[in-house]
Ligand SMILES: O=C(CO)[C@@H](O)[C@H](O)COP(=O)(O)O
Ligand SMILES: [Co+2]
């Protein structure tokens, strides 16, 4: 099963409710919400206050991508705001195992993101604790960047690690995903596809979701 997670970073922030209704109606599986602090990444986006407001208008699962330093200080706040899944950047966590346990103790799903330069074996001793690994296929901080092709090898290697340990860990890929590259990303082993610009910058976003999903699926799945 291949899942589509639209990133609202590329949506019209003056009309977020409308954007969310659109992705719900298009059958998207979760909403990817990029939280940036201007320290871990050179950009600032939204925080728990906005997420709490959005939680009131939709039941779609919230996939919160924390690009912030010291994420351990804010886990409970994001849970209270309505997070269903929290992903932290491995590079931002001094005590990664402890933060993973902190997220799990809230009952939320837990993911760990790897920057393009971070090797997959960074996760060797925590992989069995995770629901998801997020392979960043751009340097985090901005939407609309180009997919870094080296990410494909990381996806393949992670898939092999997961299968070798017989784990049920999903591979999410985030950054520069579009209609032209989603199939090769899927074939490398990705399960969940984050797409911002490819959906929200399209003149027909509902159609864009449909095409992305079809392209991510194998012949037999279609
Ligand atoms: O986390 C990030 C960027 O740091 C992403 O979630 C982007 O928002 C994806 O946007 P596109 O590359 O699809 O435009
Ligand atoms: Co993201």
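Every residue number used here counts from 1 along the chain in the order it is shown.
A Cβ is built for glycine as well, from the same backbone N, Cα and C atoms used for every other residue.
Note: TrEMBL annotation is automatic and uncurated.
If you check TrEMBL, you get these features:
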- 7, 65, 141, 142, 143, 144, 174, 175, 176, 196, 197: substrate binding site (BINDING)
- 32, 34, 65, 174: divalent metal cation binding site (BINDING)
- 34: active site, proton acceptor (ACT_SITE)
- 174: active site, proton donor (ACT_SITE)
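Structure coloured by features recorded in TrEMBL.
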residue : record                             : DSSP class
7       : substrate binding site             : strand
32      : divalent metal cation binding site : strand
65      : divalent metal cation binding site : strand
141     : substrate binding site             : coil
174     : substrate binding site             : strand
197     : substrate binding site             : helix
Listed binding-site residues adjacent to ligand 2, that is, members of 65, 174, 176, 197 whose C-beta is under 6 A away: 65, 174
Which of 141, 143, 176, all binding-site residues, has a Cβ with the fewest other Cβ atoms inside 10 Å: 141
Proximal residue to residue 141 (substrate binding site) among binding-site residues 32, 34, 65 (C-alpha distance): 34
Between residue 7 (substrate binding site) and residue 32 (divalent metal cation binding site), the C-alpha gap once rounded to whole angstrom: 5
Candidates 34, 174: member of the binding-site residues with the richest Cβ shell (10 Å): 174
Residue 32 (divalent metal cation binding site): tally of other CB atoms within 10 A of its CB: 27
Neighbour-count leader, CB within 10 A, binding-site residues: 7, 197: 7
Any further residue of that chain within 8 Å (Cβ to the Cβ centroid of 32, 34, 65, 174) of the recorded divalent metal cation site: 5, 7, 9, 33, 63, 87, 134, 194, 196
Any further residue of that chain within 8 Å (Cβ to the Cβ centroid of 7, 65, 141, 142, 143, 144, 174, 175, 176, 196, 197) of the recorded substrate site: 9, 10, 34, 138, 140, 145, 194
Residue from 143, 174, 176, 197 whose C-alpha is spatially nearest that of residue 32 (divalent metal cation binding site), among the binding-site residues: 174
For residue 65 (divalent metal cation binding site): intrachain residues, at least 6 apart, with Cβ closer than 8 Å: 7, 32, 33, 34, 35, 87, 113, 134, 174, 194
Maximal Cα-Cα distance (Å) across residues annotated as binding substrate, namely 7, 65, 141, 142, 143, 144, 174, 175, 176, 196, 197: 17
